[in-house]
Amino acid sequence: MAEPVRLGRKRPLPVCPNPLFVRWLTEWRDEAASRGRHTRFVFQKALRSLQRYPLPLRNGKEAKILQHFGDRLCRMLDERLKEHLASGGDHAPSSPSGKKRASKGPPAQVQGSSMPVPTQPQAGSTNAGYWPAQNSGAREILLQLYREHLNSDGHSFLTKEELLQKCAQKTPRVVPESSRPWPALRGLLHRNLVLRTHRPARYALTPEGLELAQKLAEAEGLSTLNTAFQPEEHHEESPVPEAILSEPGTTEVGVQQRPLELRPSEYRVLLCVDIGETRGAGHRPEMLRELQRLRVPHTVRKLHVGDFVWVAQETRPRDPERPGELVLDHIVERKRLDDLCSSIIDGRFREQKFRLKRCGLGHRIYLVEEHGSVQNLSLPESTLLQAVTNTQVIDGFFVKRTMDIKESAGYLALLTKGLERLYQGHTLHSRPWGTPGDAESEAKPSTNPLCSLLTFSDFNAEAVKNKAQSVREVFARQLMQVRGLSGEKAAALVDRYSTPASLLAAYDACATTKEQEMLLSTVKCGRLQRNLGPALSRTLYQLYCSHSPLT
């Protein structure tokens, strides 16, 4: 006789063996996300790795065996564990079987230490163990919605404008100054703690969010909110930026940041080195060793354009973790001869120069570094010399040639000292992107452009290579793929025909094929206002009007 089929699970799903560590990593990730820091990705990777690990961990040091757990993160877990125990946390260890040990039992000891292991609460749902960090954006949103829920005269919901205005009044620093949609609100929506309805959007607490908000209110001594509710005063001097009021997931737009002023004794000049200069095979890390040997104050960052820039960094910032920084008006692109050859061949050479011209900095330096024998390169020396000469004469860059990496580092050290002397005694001011003083702006330059500078966040954000582009920008990039069509010529073409559709319409309006071929030949290009010429005009006609394969 066949055995009856058993339905359902044979055993319950295993509980999380390290819920305390999961909760703390989640808090750190959400706090980093609410402040727009890239460390949220580090915490997210570590959290995924920990959630896949089936065994309990007694301390942070044991977590080092897991992927994405470094020395610093392990130390953070150990320090948080000590704080938890010092504040009277439960000392009973978690059990792999999920059964709780009797409360009278002796506390377990951490391996190699006399410190007992705290009980880590079991996670029963997706939000189990989630506790927004103190002064974080997520915490303030939940508390503001809880206040509105308890207000008998309210609607139990807030619009986004009302919500963020209240958050800005209560804790101004939790409202980000970046141009991205507020990640704290997006995270709460993802966790199903906040519900969004209607258009324009209304935000209210879900049952899970209400339960968590009540616990947060009790922890902050706000249990009497329902009897002592007072509306927030309106402060006109601290409006919420419009970009923050956009819906989560909308396109990124510029934000008018708070003006930054650095007096002569309030900043230092710091060299920023692109992270690409510290990676890869060969002698790339040697640049950092040379800068350290020469005692050049520097930092390594991801630069979206250029290899070296200088910033005036605030020495006594309000937020030590995010000091104010203004980018000085100098940028360096470093090229070894072998890299110069490859960039000319694959087209990066022209594109990089085009992006450097649009970066907003006025003094552009092209640092060409010798490397090996010229005879071993893929292009003849005359071609390289012509490219470097064009960069200086036509593009207006300052070209500096060095023999090796040591001479390049020495040149950067001299530039750093020179900039320190140049800006000594000057008061520096921030300016928004595209305002007078910007190298890309057509407006009249400001009276003191030397001290009217971009913030580092604006500079790096505008230089992002793969950001969303308009049709005009994509059209210009497409035109630059044609041999002999430089950035200046592409700019002249898109000034007359801003989209491919407008160019095709102009071709359709021509009476004869000859007229179509010569349509673009008289377009004025560059500073000398020379004609584009019949050859390029004919090439572009063939590209956009030929129905057969190009030959």
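Placement of Cβ uses the backbone N, Cα and C atoms for every residue, glycine included.
Cross-referencing Glu277, Glu286, Glu370 against the Mg(2+) 2 binding annotation in Swiss-Prot, which names Asp307, Glu333, Arg334, picks out Glu277. Other residues of the same chain near the Mg(2+) 2 site, with their Cβ within 8 Å of the Cβ centroid of Glu277, Asp307, Glu333, Arg334, are Asp274, Gly276, Gly306, Phe308, Val332, Lys335, Leu367. For the pair Asp274 (active site) and Glu333 (Mg(2+) 1 binding site), the C-alpha distance works out to 10 angstrom.
Same-chain neighbours of the Mg(2+) 1 site beyond Asp274, Glu277, Asp307, Glu333, judged by a C-beta within 8 angstroms of the site's C-beta center, are, in sequence order, Val273, Gly276, Leu303, Gly306, Phe308, Val332, Arg334. Asp307 (Mg(2+) 1 binding site) carries neither a helix nor a strand DSSP state and counts as coil.
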